[in-house]
Amino acid sequence: MGKEEEIARIARRLDKMVTRKNAEGAMDLLRELKNMPITLHLLQSTRVGMSVNALRKQSSDEELIALAKSLIKSWKKLLDVSDGKSRDQGRGTPLPTSSSKDASGTTDLSCKKPDPPRTSSTPRITTFPQVPITCDAVRNKCREMLTLALQTDHDHVAVGVSCEHLSSQIEECIFLDVGNTDMKYKNRVRSRISNLKDAKNPGLRRNVLCGAITPQQIAVMTSEEMASDELKEIRKAMTKEAIREHQMARTGGTQTDLFTCNKCRKKNCTYTQVQTRSSDEPMTTYVVCNECGNRWKFC
C-alpha cells in the first residue's frame with residue numbers, strides 16, 4: 001500500500017469515528033500520522049487535515065486534542081512555507097528603472113503585473129488561477145479581511161489551501177461584478193466576511209475552502225443562499241406558517257364555543273381546518289381567540 005493510500009485509509013477511519021462519535025483507537029491513528037512524512041501534495045489529495053480537525057473539535061480527551069493540534073500546527077508550517085515562496089516570487093520581479101521606462105515608454109510602475117512564477121518542486125496548495133495584483137488600498141484591505149475570515153477555526157490548514165490567494169480570487173470576482181469600490185462593493189464584501197466567520201455556519205467556509213463553492217459563486221450569492229441549513233429550515237417553516245395563517249385569515253373560519261382559550265379562559269373562538277399533510281392524514285385545526293387574539297393549533 002502506497003503512502004497516499006495509507007493516509008487516505010487513516011482519514012476514512014477518522015471520519016467514521018467522528019460520524020459515530022466514538023474515538024476509540026484514534027490516538028493510535030494520530031501517532032501513525034505523526035510518524036509519517038506528510039507533504040503538501042499528500043495533505044491536499046487525502047484531505048486528512050479535515051479529518052483530524054473534525055476529530056479535535058468533537059473530542060473531550062485532552063491528550064487527543066493536544067496531539068491533533070500538534071499535527072495541524074506542523075502541517076500549517078508547510079502551508080506558511082509555500083505561501084512565503086509564492087509571495088517571494090511575486091516580489092521577485094524588480095521594478096523598471098527610469099531609463100528602462102524611457103526606453104519602453106509604456107511601462108506602468110504602479111501596477112506592473114509580475115512575470116509568471118517559475119515552476120517549483122514544491123506542489124502548489126490550490127489550483128485556483130492567479131489573480132491580478134491591485135494597488136487600491138480599499139481592495140487590499142478587503143482582501144486582508146477576507147483572508148482572516150477564511151482562516152477562522154484553522155479549517156484552511158486541514159484543507160491545505162492558501163487563504164491569501166483564495167481571498168484575492170473572491171475579491172477580484174466581487175470587484176468585477178460591482179465595477180467599483182463604492183458602498184455596494186463594501187456591503188458585498190462585508191456580508192461575505194460575516195457569513196464566512198459565522199460559527200453556526202462552518203459548512204459554508206469549508207465548501208469555499210474545498211472549492212465546492214467557487215470564488216465566482218460566493219462573490220454573488222445572496223444572504224439566503226449563504227445561510228446555514230438550520231437557518232434555511234427555520235425560514236422555510238416560518239414561510240409555511242405565514243402562508244397557513246394567511247389562508248386562515250382569508251377564509252375567516254368558523255365561530256364556536258367548543259374551544260377554551262388557555263390565556264383568557266374565554267370560549268369565544270374561531271377555528272379553521274387546513275390539510276397540511278397527505279390526504280389520508282387528519283387535518284390541522286387552527287384556532288383564534290376572538291377575545292385576546294391568542295392562536296394555537298392541533299391535529
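Our numbering is plain: 1 for the first residue shown, then up by one each step along the chain.
Backbone N, Cα and C define each Cβ position, glycine as well.
According to Swiss-Prot, the feature zinc finger maps to residues 257-297, out of the candidate ranges 216-256, 257-297. By the criterion of other Cβ atoms within 10 Å of the residue's own Cβ, the least surrounded of the binding-site residues CYS264, CYS289 is CYS264. Within 10 Å of the Cβ of CYS261 (Zn(2+) binding site) there are 20 other Cβ atoms, across all protein chains. On its own chain, SER59 (phosphoserine) has ALA23, ALA26, ILE65, ALA68 as residues at least 6 apart in sequence with a Cβ closer than 8 Å to its own Cβ.
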